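Database features, via TrEMBL:
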TRANSMEM  9-29  transmembrane segment
TRANSMEM  76-95  transmembrane segment
TRANSMEM  164-184  transmembrane segment
TRANSMEM  204-225  transmembrane segment
TRANSMEM  231-250  transmembrane segment
TRANSMEM  262-280  transmembrane segment
TRANSMEM  286-309  transmembrane segment
TRANSMEM  321-341  transmembrane segment
């Protein structure tokens, strides 16, 4: 079992601080737009925030309910009320900080790799608590942060006027995307027994692969929205339908109830609009190649549309900058993607046995190790 280190604890504290700052920045930006009379932008920002918060509260409470089956009913009611007021993530941070502090600063393992060892049990509790938070942050990233980056870039391109709070919102959004991507992959490696350790170089390669490909796609969608809002909406809906349909065909089993499973598949459909999402832990060389080849064709197609249908806009400096950034980030993102999957991605893939395996415990006894929710939730 991998260890929850002091470095992991400090990253957890930093992630919580950024989460709080992100909330403050969102309401600050929304209030600024509202004061300037741009009510539609303010409402959209609050809608993205409200949607992502609602979805994460639903999943967080559902996981608490599943984990605490048979526990005190009053305790579960209290947790429900906290989630009802959209504060469930802070309960999770409390447990993560509690177990993380014990695992990183107080516990020392004196036995073998058995969960019967109290230190190993605390280690697993800390890793599982952080894993749940990072899964919820992935939902938040693609339900709120990524759409907000797209919205802010579109506003800058459409109106040309820039303010400090717009840049602040974009910077916080990119920080949120970056941290959620890397933290997610770290949790994946720690939680699954068949994954290698996520080292510093592989972290940076993975970060740039995800961040650059997402950035290129966001800029492309912003360009097509600038050309026609209707076409942009139709494209996004079409991509969501394709992603949702593909998820249905994968027969995912992430949730215990059918309603929650369909909600999960709907969210995966949204994530697939912006980034590749491996939901079964299988080899995906063909699928990921098709996915990013399609993104490349669509991105280049959008630029050609402007050249032939709106040649006047080509002379504008804003369009030139965005076009260069789109192509540059796409090319670099694909390069980092190839490097990551060629040299840093684990060669072993997840199997059902890998998630509930038997290992030698105390006195030669077999101890069944359970790895948590990641057995049905994978993104690579």
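Placement of Cβ uses the backbone N, Cα and C atoms for every residue, glycine included.
TrEMBL annotations: computationally assigned, not manually curated.
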Could you tell me whether the transmembrane segment (9-29) and the transmembrane segment (164-184) are in contact, taking contact to mean 3+ Cβ pairs under 8 Å with a sequence separation of 6 or more?
yes
What residues in the same chain, six or more past the boundaries of the transmembrane segment (286-309), come closer than 8 Å to it by Cβ-Cβ distance?
213, 216-217, 220, 223-224, 227, 272, 276, 278, 319, 323, 326-327, 330, 334, 337, 341
Within the same chain, the residues 6 or more beyond the ends of the transmembrane segment (9-29) and with Cβ under 8 Å of it are 45-46, 49, 89, 93, 96-97, 100-101, 103-105, 130, 133, 137, 145, 148, 165-166, 168-169, 172, 175-176, 179, 183
Return the stretch with the most CB pairs under 8 A relative to the transmembrane segment (204-225), choosing among 76-95, 262-280, 321-341.
321-341
So what's near the transmembrane segment (76-95) in sequence-distant terms, Cβ-Cβ under 8 Å and 6+ beyond its ends?
12, 16, 19, 53-54, 56-58, 60-61, 64-65, 68, 129, 132-133, 136
